[in-house]
Amino acid sequence: MGSSQRKKMRVFPCSVFTVFFVVVVAAAAVMVNAERSDTRFLLTSNDTGGQRHSEDYCAMYDICGARSDGKVLNCPVGSPAVKPDELLSAKIQSLCPTITGNVCCTEAQFNTLRTQVQQAIPFLVGCPACLRNFLNLFCELTCSPNQSQFINVTSIAKVGNNLTVDGIDFYITDTFGEGMFEACKDVKFGTMNTRAIEFIGAGAKNFREWYAFIGRQAGLGVPGSPYAINFLPSAPESSGMIPMNVSTYSCGDTSLGCSCGDCPSSAVCSNSALPPPPKKGSCSVRIGSLKAKCVEVAVAILYIILVSVFLGWGFFHRKRKRSPASRTKPLVNVPNGGVIRRANSQKDENIPMQMLEDVPQITNGVQLSIVQGYMSKFYRRYGTWVARNPILVLCSSVGIVLVLCLGLIRFQVETRPEKLWVGPGSRAAKEKQFFDSHLAPFYRIEQLIIATIPDAVHGKSPSIVTDSNINLLFDIQKKVDAIRANYSGSMISLTDICMKPLGNDCATQSVLQYFKMDQQNYDSFGGLDHVEYCFEHYTSAETCASAFKAPLDPSTALGGFSGNNYSEASSFIVTYPVNNEIDEEGNGTKRAVAWEKAFIQLAKEELLPMVQSRNLTLAFSTESSVEEELKRESTADAITILISYLVMFAYISLTLGDAPRFSSYYISSKVLLGLSGVLLVMLSVLGSVGFFSAIGVKSTLIIMEVIPFLVLAVGVDNMCILVHAVKRQQVELPIEGRISNALVEVGPSITLASLAEVLAFAVGSFIPMPACRVFSMFAALAVLLDFLLQVTAFVALIVFDFLRAEDNRIDCFPCIKVSGSNSELEKGSHQQKLGLLARYMKEIHAPILNLWGVKLLVVCAFSAFALASIALCPRIEPGLEQQIVLPRDSYLQGYFNNLTEYLRIGPPLYFVVQNYNFSSESRQTNQLCSISQCDSNSLLNEIARASLVPESSYIAKPAASWLDDFLVWLSPEAFGCCRKFTNGSYCPPDDQPPCCSSSSGACGLSSVCKDCTTCFRHSELQNDRPSTEQFREKLPWFLSALPSADCAKGGNGAYTSSVELKGYEDGIIRASAFRTYHTPLNKQIDYVNSMRAARDFSSKMSESLKIDIFPYAVFYMFFEQYLNIWKTALINLAIAIGAVFVVCLVITCSFWTSAIILLVLAMILVDLLGIMAILNIQLNALSVVNLVMSVGIAVEFCVHITHAFLVSSGDRNQRMKEALTTMGASVFSGITLTKLVGVLVLCFSRTEVFVVYYFKMYLALVLLGFLHGLVFLPVILSMFGPPSRCVLIEKQDDRPSTSSQF
């Protein structure tokens, strides 16, 4: 989750070229790299007479000198074209097939041309048409026999005693320029995930810009042409000159076919449809100026229909009720198997009074289901036994739970994000394990973001690219380089752990790389002007190459700019890639973590004050930052949680006692009982944690923070119900009778609610996310233990407490006994006087709900909110913002905000191919590659095509392809790349040792490599593809070849970890990867959609090519849960509600009753989802846990009221009033108020996750549960409730009843 977004950077493990194509294009073409002398001569003879501008005549011929850097200079001497010997003619034909017969170049000139263009060939050889056009331009310029017809030397310079060319006009038709540009503009350079035109044309947008780049005059030592080349489309008529117009080849030419990735306009590729455009928004309906979604309109129509039907039924039913009608007769006949329980009626409204007067020999009873009957019998006997043996029950029950608590000695907390949110069997986890073990683990990221502060007036941030800020960056870098972290006695520096793709220098991504990370180079290179120069020429200028010998893309080191306006950037982004290991407990990882801690300490103590003193901001992060901050979070809100529990405990102690009376409160209070109950709740939690710890299941922060709160909230309800039930019993009864009757009265509903809660939590163990699964397991066992302790230990404690009160012993100090005369009064008050809440429920709440108009209003209002919530549900987005999870004062808060604001590049994306068969018999090579003769629907061509619609594919660029570069590297056309000595061993390019010695000062002249030849001739390849043996032999050469100016396609560094060579000898490469980039991802939904799009793409390609392909990015593992989070949530909620329904059906044997409970639970859940949409609460593991938990808590609001209604006597209105009077107070005080006071404290939490997912969601749950349980449910019961279980039975005797009913 949090570490995924920190990968938004781009590292170039590849290196390309220290000397690039400006030199290639200019020097190769004209061979005139001249150093000016102080004397400049202009040609004065521009006459058109004689042979000056005629066929078979040269404008420049032979070499007349060399610059101080060794580059040769042409002679500005017109002469007739010369017939070459057969060997030279053959050489010229091999490179320039359009030139035949006489030529205007010597063998030395041609060799210079060949040497220079070899640097460009690897970039273009994948598209033969582009390469042919490119070579024709310079072949015609250098060796054409009609050179003088389109070349006019306009300026000369003196070098030594010789004159050399200093400026020319090159007359060339626009047709040729347009054709060449169109053929080359889309050719890819995979190593850098960009187009070749970025290197050979500085990103030219048309052929005129390309010409301007080629002809730009450059100073000594600076890449580019040393003289001006003025490209002109037409020559003056008087000159007699004819513009060069050699035929160009289209990239769609089948004879010189380019791949679809290099030539999307090819006829072959036009048959392949582009990826589908971005999906349009959901269905919507416009009503006037109002635009509403279809689901919202449908819900509104449905609501109007339902309300109309309901109101029609309501008025009809009301009218019918006013007419005389027979009353519902209570059941007299009892079905076989049923159990009748006699009820003692103490209150007039409990039974129809007229009936009792008419039939005095008949009394009121309750028909119970078979299950309830057995439960009643059990609780009657069990209650009597507990009341007689409280010490035994208390000690044995607590002892058993204490035994479970012994497992706490193995208690461990899991804080690793990958272990919390990713199941071991998840696809993303398996793919990460495959990638790490077969290729290489993704590097660790250490990052600094230094930004300017926005202007207070206009809100625009000023540019950070200034001299003072760059010098500040050098000072910061010095401090980072000076970090020495102690690990096991050794001092660890950045150079010990950093990633070094091509030598001894770290691949640090920083604008300081334009100065080779050396402050001494700042002034000598040109300071700020050099930086801005490198922003445009980072791919071509040698002085802009990084210290680790690779070009640095400004978009990776700058942020806050638009388009390519790098000079307007408002932030520096400094990234330190650090080597990673598969083993997280290995020495390499621990060394890196030690350095990261020192880095964070430096940033906080030294770097932050430095930056702030310059009126800048600093954000920083390391690979281990999120995990370290999560650990700190576990203690950040300990005091808040503790206060929440203390407030709930204080309230529990008050609500369990009687109404405060100063004279006797110290006896009638239940503080000690409340404290004991809270301790039992905590004991149940510890027992659950201890049991799972004993079997090796690690705990999580969610468990430590949520389950005690949950179990306390659930347990308090049962405590209130039990205590209030005992207090309602006749005080004349002995304590055994009161306990027994109370358990018979409330035991079934407590059992029903608890079992439903346990099952609701237990189904969460099917959630694939470990954090949710473990939470559900712990919660289910904790609720079960809490229920068992409540009906054992807490009942025993009730016995002790009532005996204490009857014996006039002081609460909290039971050893102290006081004398008084009010004990009998207190006894009488237990049963005769209703509490304040009970009186409110009986005298105010229930009568209001009995009003017919109120009932209609309640049903309409609650239905409206439920349907509105259904319409709002699609607005809930999956995800979990990192800022919410972290403490509010975490330094990562600013870092994640800066990532979203400044980064302009997305995370790396790899398409991993498994079991690639490169043998000659297989077609898989052409099914994967994207150069000439590759399939139009190959993997890499399809990736390039998908990058054209990044809005839907989330793919920003074509992929870097080791396979394409390897095939190009092997190609005979790239004659400077794959070479061999006469003994068959690998021969490096001429500009690398041993062919080139840095001490000699010149390359290509060494006798060591003069006999090197290309690895293969065309005749040795099969359709330009290597055989199985050739592929097997040369692939290791390619992966170890260093890239350089003479061959930029070397695979060392760029593809070192992209191919697994283990076991490749049998013709199968087990794993290889093609790297591209996602588009910038700023929101959680972007991460989810990008992962879904990449998986859909790879699935389509796997099915089409019959090759195993999967996408991989470092954040996939954390976001996989969100792909099907809605499905996971709905399935688990459906199972939880279904489990509650089944339990209710089994215990009550009433489908009607169970259906009403199911309806209310579903409405609470739907309304809670609607509240989430309104409050912008995302759907994730935390919210899914809360939703599953809400089922368990909502059961408490429904079951007790429904059960009390079911076993009450009278008509529906009377039974609703009786249920509210009996159980409404317990539900309100035991559930609603208890949770409310605890939840309100959480709003002061220091961590946003508590405020959003615990305070807001819990508060919404409590309020929704209260409104549905004590408003909507009573109304529904009074209108559509099930028949009463009360029956009329003949009174057998006049003994006092030993039971009471709701």
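Backbone N, Cα and C define each Cβ position, glycine as well.
TrEMBL: automatically predicted annotations, no manual curation.
Note that the coordinates shown come from a computational prediction; the quantities given were computed from them, not determined experimentally.
Listed features, source TrEMBL:
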type     : residues  : note
DOMAIN   : 637-800   : domain 'SSD'
TRANSMEM : 297-316   : transmembrane segment
TRANSMEM : 385-409   : transmembrane segment
TRANSMEM : 638-659   : transmembrane segment
TRANSMEM : 701-726   : transmembrane segment
TRANSMEM : 746-768   : transmembrane segment
TRANSMEM : 774-800   : transmembrane segment
TRANSMEM : 849-872   : transmembrane segment
TRANSMEM : 1129-1148 : transmembrane segment
TRANSMEM : 1155-1175 : transmembrane segment
TRANSMEM : 1187-1207 : transmembrane segment
TRANSMEM : 1219-1245 : transmembrane segment
TRANSMEM : 1257-1281 : transmembrane segment
The transmembrane segment (1155-1175) touching the transmembrane segment (1129-1148) per 3+ Cβ pairs under 8 Å rule: yes
Best-contacting stretch, by C-beta pairs under 8 Å, relative to the transmembrane segment (1155-1175) and drawn from 297-316, 385-409, 746-768, 849-872, 1219-1245: 849-872
Winner by Cβ pairs under 8 Å against the transmembrane segment (1257-1281), considering only 297-316, 385-409, 849-872, 1219-1245: 1219-1245
For the domain 'SSD' (637-800), the mean pLDDT of the predicted model: 81
Recorded stretch, among 297-316, 385-409, 746-768, 1219-1245, maximising Cβ pairs under 8 Å relative to the transmembrane segment (849-872): 297-316
Other parts of the chain folded back onto the transmembrane segment (746-768), taken as Cβ under 8 Å at six or more residues beyond its ends: 372, 375-376, 379, 383, 423, 425-426, 714, 717-718, 721-722, 725, 775-777, 779-780, 783-784, 786-787, 790-791, 1121, 1128, 1131-1132, 1135-1137, 1139-1140, 1142-1144, 1147-1148, 1184-1185, 1188-1189, 1191-1193, 1195-1196, 1199-1200, 1203-1204
Spatial neighbours of the transmembrane segment (297-316) far in sequence, C-beta under 8 Å, 6+ residues away: 285, 287, 852, 855-856, 859-860, 863-864, 867-868, 870-871
